[in-house]
């Protein structure tokens, strides 16, 4: 078998580099480092290969080897950016944040890439985090320090020569100890607020009268001061060696402890924390992680509620903002009831502390929740309350559009058109083409519901032009479809209007014919009435006149007959009695006829009286008729009356004379019969 090393060395340098990069991406860092080593055997000192192998060592945790390869890549070219970046990354991983920051800055000056910028921020943050939060213990030049006496006495027995003596009698050792720190700047960054305490303790050492003083059990003030200084130095060394992740965990634990609640935070730290938290919450929500945004917001809200107003002057405004963030995350998660409660809390805080911007924000979000769940009228009421609080024209554009959209959903097309036109006007003032597009579509849709198809087509055409300007293909297609529907609506409306006009004309003709017929019949009736009235009046008048004359004649005749009867009886001769008997016997048959004639005469008389009563009218009717008749008619009536009066009177005279004669005959026959009955002998 052949030697594997010789077999490996038979490959080319690019093949080893490609193999190492592939293995590195697969996570096989040891094999990748071996491939890069083989490549360096073929081409030693290659900068890119050294940087690649340094990355593998860094992933494997061999930090020293990684640093050696990174420094080796810079030997030939100190400005090699990849080598500088790799060295900075290695130093950062080793915990040497200061030197890492130096190399990040050096690389950023040579080539301002994103990697160097991120490295600078990362190293600076690591330095700040490694310093940690201020400790709860702070030494002051007051109070009783006897609580340290027992601990100091036990430590004195175990300690080596006195530290003050070392400080006084061994200045070289002191300088060496101080020289262990890289610089006072590093110590200041590591200790943070405690660096002031360290300086204070060092100043106390210069006061010889103070350090000679003793406390209980023989413990001197000098011993206590040196104990504090030694503690701070050991702490700074420890924090410097920690990696950023451990420093963050330590800060997180310290923030949860009670001493942080009683201690004032720096305003700058509080502001940075709040701003950073709000940015993280917003970033998580916009990136699609609504659950993470909700958890982050609830966590920050819990912390802010623990602070007092001295630490956070605008605490109320911040709490309302966090409730708003929580509500927005709940909307994205579909938790509408919880979202409504969160936004209402935001609104309550805004009203309580008179925060107009927060009130506008809360009303906006509450309206969105109502619109999402389909309660459009409540959304309209909420957004209409927000209108006076809207500051910018663009905000009004959006607000009017949403209100109009809700009215359109409620089938209130007039209101939807009105708000759509307001939105369109504001969008034109702002010069926002997309909102002009949205407003035009809203107005057109409202006009379609109002069946104003011509105006709808005009607005759809405007919207189509704006959609082309903003290159919105989906909107263009939707508007084209809506235009087709609107044009079809116009055609249908024209058909309906034509049909309605035809029906209207037909009804008008029918009504006209009916009116003509009615007017004609009415006129004919009127003419008939006018013609018949004078004839009726004449007949009535003639009948009344004849009846009066008949009454007068009958009354005279009856009086004359009654007066003649006794005279005739006296004049009659007794001789004629027999003749009367014979005549009565002979004329018994004709007497019956006379009786029938007399009965008929009585009937005619009765009929005449009835007709007289029927045709008898009050004088007022005669007066009205006489008043209404014209002079010409009165003249005609007089002529007719004169003519008819003569003829009718003659006829009446004849009939009356005949009737009177018949009545006389019947009366005479009755009288004769009575006399005969009286003359007959009584058996």
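Cβ atoms are placed via backbone N, Cα and C, with glycine included.
Checked against Swiss-Prot, the range among 136-157, 158-179, 180-201 recorded as region 'Disordered' is 158-179. Assigned with DSSP, the residues of the region 'Disordered' (510-537) fall into helix, strand and coil as follows: 28 helix, 0 strand, 0 coil.
Across the repeat 'TPR 5' (360-393), DSSP classifies residues as 28 helix, 0 strand, 6 coil.
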